[in-house]
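Note sheet for the following structure.
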């Protein structure tokens, strides 16, 4: 009887316009049509880009040869090219792009500002500085991933501490973040200037952003971090979606502001640190991926999944362009994103006077 009543209720009250309804026990789950279609489209583009990235480059393979090499078949040189060089590089790019995209989405939503990304407010620079220190300045057995996490947490604490009463909002927060990032950037340059040539070359990828020969341990840590942080970010997205309107409304609807902010910062710091430990500071991904996801999804809610897919797509695309466009010369992914990121940042600043999210 209860099931019949639920079915009758679902029939009597159709889903809102633009949504699909999926029955789940006594209730139902609503899916935003445009958001679902955008995610599916991004997955299709990611699949096509992954195939092109594996098959084409300095040495070109047919899609069939690339597939056989993935399965461990075909010529030994093809298997080595795919499984030892291109596939690990692609995995590092997809994972780091997804992590930075989600981190940017969380921080932008929390701060109500499109400019509030880990790269602009100094979190990237803090993680990068500590990662470089683990290689050339401090004799330690800690991996760059661990020290990158410490650096990201330190930079975040400094930014929020020096921002005073402005919290995560306002221009003071952005300006303080830029200053903190500049200090960590200067420390990184100082360590590189005082190190020997071999150590500086070893630390170079963590200063410009590169996916070439990334440490497998850091990639695995990033994968495990995403498995934990992505569901956490999706869970936080509900509270952040309410917080976009106003704090009194969020409190009235039962959102625990302090806990939501603290957990959001923890997830942001972890994702940023693990991403930077793999690819280095690549600021455009956290800046552009959330906005791309919002545009595709029609600005409905907090697009965590869309930001992850957009970040992975942008990172993999930038890396493929960097190693293919000027072959045999390879351009680091950080350089490619910086060339595009400058005009994109100006576009965000100039297209409208209101830069707030929500």
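Backbone N, Cα and C atoms are what each Cβ position is placed from, and that goes for glycine too.
Pulled from TrEMBL, these are the features on record:
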| type | residues | note |
| --- | --- | --- |
| TRANSMEM | 35-59 | transmembrane segment |
| TRANSMEM | 90-111 | transmembrane segment |
| TRANSMEM | 131-161 | transmembrane segment |
| TRANSMEM | 173-193 | transmembrane segment |
| TRANSMEM | 213-233 | transmembrane segment |
| TRANSMEM | 263-289 | transmembrane segment |
| TRANSMEM | 301-321 | transmembrane segment |
| TRANSMEM | 333-350 | transmembrane segment |
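Against the transmembrane segment (263-289), the recorded stretches 35-59, 90-111, 213-233 differ in Cβ pairs under 8 Å, and the greatest number is found for 90-111. For the transmembrane segment (213-233), the most Cβ-contacting stretch among 90-111, 131-161, 301-321 is 90-111 (pairs under 8 Å). Counting only same-chain residues 6+ beyond the ends of the transmembrane segment (131-161), those with a CB under 8 A from a CB of the stretch are 118, 121-125, 167-168, 173, 176-177, 180-181, 184, 188, 191-192, 195, 199-200, 202-203, 206-207, 215, 217-218, 221-222, 265, 268-270, 272-274, 276-277, 280.
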